[in-house]
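Undergrad: Among the features that Swiss-Prot reports, active site, proton acceptor is placed at Glu59. According to Swiss-Prot, the active site, proton donor annotation covers Lys134, on the basis of sequence analysis. According to Swiss-Prot, the feature active site, nucleophile maps to Cys166. The domain 'CN hydrolase' annotation in Swiss-Prot covers 13-260.
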Amino acid sequence: MRHGDISSSNDCVGVAVVNYKMPRLHTKAEVLDNCRKIADMLVGMKRGLPGMDLVIFPEYSTHGIMYDAKEMYDTASAIPGEETEIFADACRRANVWGVFSLTGERHEEHPNKAPYNTLILMNNQGEIVQKYRKIMPWVPIEGWYPGDCTYVSEGPKGLKISLIICDDGNYPEIWRDCAMRGAELVVRCQGYMYPAKEQQIMVSKAMAFMNNCYVAVANAAGFDGVYSYFGHSAIIGFDGRTLGETGEEEMGIQYAELSKHLIRDARKNGQSQNHLFKLVHRGYTGTINSGDGDKGVAACPYNFYSQWVNDPEGTREMVESFTRTTVGTPECPIEGIPHEAPKHR
């Protein structure tokens, strides 16, 4: 794990993250024009960072947030499509991999169902290697149709990569799922705004440490007329320490070199903080001392997870018993979100 240079090597993957200024767009033509700006930025960045193997742009960087529902549906993209063609050309010209946001991707039943919030990982030949749909849209505000699966793909120089999006990262389950599928780098693209800056900086560092994985965060910056985005795009080591972090500046860039050997060595030889290994070898010191073998205990001890898998509806009812039974709340109603009738005291 190296930071401060502009290089890379056969072992180290050069990764850049961008504080892209949140655009405010309304038409397909404006979206495509913005795609060209992203493409030009990518090519320019490669001149300044010759070691750059992978560049990551934030959630909403392509389309911006369409606050008008008709505009959101009208500008929703097909994948592959015109937007990805522009990105593919840039990746080929710069010989760089890229992560790009498409908000939204047309649903299979478009326009009868809401679009997906989608990320793509594209290789340096302009081919889409991974397409990830946001599992946890930021309700109650975001109206995206939820995805249902994480992925791991071989990225530049063989580094194993998973993509997640913004609010996904507030749920430890998704990080663990990616890591247990073999991800060495979890890319978190976000369009996160104030007031949640401190929490979001903290959670990505904690999840890197807890899952023995690199984390690359690309966040939006600026003000789009509705929200103020805090930037702080960052690259985090698998020990939870920040290698590089931007401030709040629009179009700020950070860059670091991620060693494949170091993370693989740590996962193989780490002991007290090897969380992935220890989770399925629980208490092995105690079982050795007890004559019960040297593997520890593999069984999942967490009742909630087995209950959720085997009885999702029943588990939802259980959670509603100590939270609420409607998706909305009458004490802070949001248009279009059902809530129970207010109680008069």
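Heads up, the Cβ atoms here are built off N, Cα and C, so glycines get one too.
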Undergrad: Do you know offhand how many angstrom separate the residue listed as 'active site, proton donor' and Cys166 (active site, nucleophile) by C-alpha?
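TA: Rounded to a whole number, the Cα-Cα distance is 8 Å.
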Undergrad: State the Cα to Cα distance, in Å, between the residue listed as 'active site, proton acceptor' and the residue listed as 'active site, nucleophile', rounded to an integer.
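TA: Answer for this pair: 7 Å between alpha carbons.
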Undergrad: What are the sequence-distant neighbours of the residue listed as 'active site, nucleophile', meaning same chain, six or more residues apart, C-beta distance under 8 angstroms?
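TA: When sequence neighbours closer than 6 are ignored, the residue listed as 'active site, nucleophile' has Glu59, Lys134, Trp138, Arg188, Cys189, Gln190, Gly191, Tyr192 within Cβ distance under 8 Å.
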Undergrad: Any idea what the model's mean pLDDT is for the domain 'CN hydrolase' (13-260)?
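TA: Per the prediction, mean pLDDT sits at 98 for the domain 'CN hydrolase' (13-260).
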Undergrad: Have a look around Glu59 (active site, proton acceptor) and count the other CB atoms within 10 A of its CB, chains all included.
TA: 29
Undergrad: Please work out the number of neighbouring Cβ atoms within 10 Å of the Cβ of the residue listed as 'active site, proton donor', leaving out its own Cβ.
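TA: There are 27 such Cβ atoms around the residue listed as 'active site, proton donor'.
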